[in-house]
Amino acid sequence: MNSFRFTKMHGLGNSYIYVNQFEEQLPEERLAEIAVKVSSIHTGIGSDGMILICPSEKAPVKMRIFNNDGSEGKNCGNGLRCVAKYAYEHKLTEETSFFIETLSGLVKADITEDNGIVREVAVDMGEPRLTKKELPMLGNEDERTIDETFVFGETELSGTAVSMGNPHIVFPVADINQAPLTTLGPVIEKDPRFPEGVNVEFVETVSADELHFRVWERGSGITQACGTGACAAAVASVLNGVSERNRDITVHLAGGDLVINWQDNGHVLMTGPAETVCSGVYYL
């Protein structure tokens, strides 16, 4: 294979290169290598990673995520919205409500479309996993990490750990513009307490229904948005008594806004946009 077709899409600036594996069938042994190449802003297309849209025996499509360092991720909220948009607009499904298979399980997407163009996607992200075993995180397997003190060098932070199919640690800050994202993000991501690494979020509370958010993503670094991270931030806000269940929480990310609702049934609903940037042919 010397080339393949791609579509670049983004959810609030969190951009990926999307490849339709129904048609292209990139070789398994080269996926990590290709993800690194296409993600490069200098020698590739430029993105936070690569997402494959694959056939599934359980749903209309399956999503596989590769970070820009070549590692494979389990879940991506912004990616899910873009996959839902792609699947509907490219006739991989004719339904406006359908499931997407991920490494974390089946996820339901509901789209809002106008003349065949998807304008907004609501994704049922399922129930948050909160125990150390589910994250995973070292320590007592059945314990939760809520408002726990963490010390990184000379910096002390209070963190809440949440998995949305991938691990997150959420730290409240007084001023989001002063969050130590570049200095502590890469340190916390690889903290040995998180054996699979962790996504790092800093959150400033505006009100019970409004949060400012910045993220250092595992395997990708600073990104404009992280859907699962926004979900984790909203869940952490509820767990710490700041927000309430079954209420819309607007999360302001660097790339735009998501609306998160931790419903009474235990599931987290994420609603936001998905955009197509361009499409073309990439030469290996």
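Here the Cβ of each residue, glycine as well, is placed from N, Cα and C on the backbone.
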Inset, instruction - Going by Swiss-Prot, Asn14, Asn67, Gly77, Asn78, Asn199, Glu217, Arg218, Gly227, Thr228 bind substrate; tell me which of Asn166, Asn177, Asn246 is listed for that site too. - result: Asn166
Legend entry - Set of same-chain residues at least 6 away whose C-beta sits under 8 angstroms from Asn166 (substrate binding site): Gly73, Lys74, Asn75, Cys76, Ser104, Asn199, Arg218, Thr228
Legend entry - Chain-mates of Asn14, Asn67, Gly77, Asn78, Asn166, Asn199, Glu217, Arg218, Gly227, Thr228 with C-beta within 8 Å of site centroid, substrate: Gly73, Asn75, Cys76, Gly79, Val215, Ser220, Thr223, Cys226, Gly229
Inset, instruction - Drop a 10 Å sphere on every Cβ of the active-site residues Cys76, Cys226 and tell me which sphere holds the fewest other Cβ atoms. - result: Cys76
Legend entry - Densest Cβ neighbourhood among Gly77, Gly227 (binding-site residues), 10 Å radius: Gly77
Legend entry - Cβ neighbours of Asn14 (substrate binding site) where a neighbour is any other Cβ within 10 Å: 29
Inset, instruction - Check each residue in the chain of Glu217 (substrate binding site) that is at least six apart in sequence and keep those whose C-beta is under 8 Å from its C-beta; list them in sequence order. - result: Asp48, Asn67, Asn199, Thr223, Cys226, Gly229
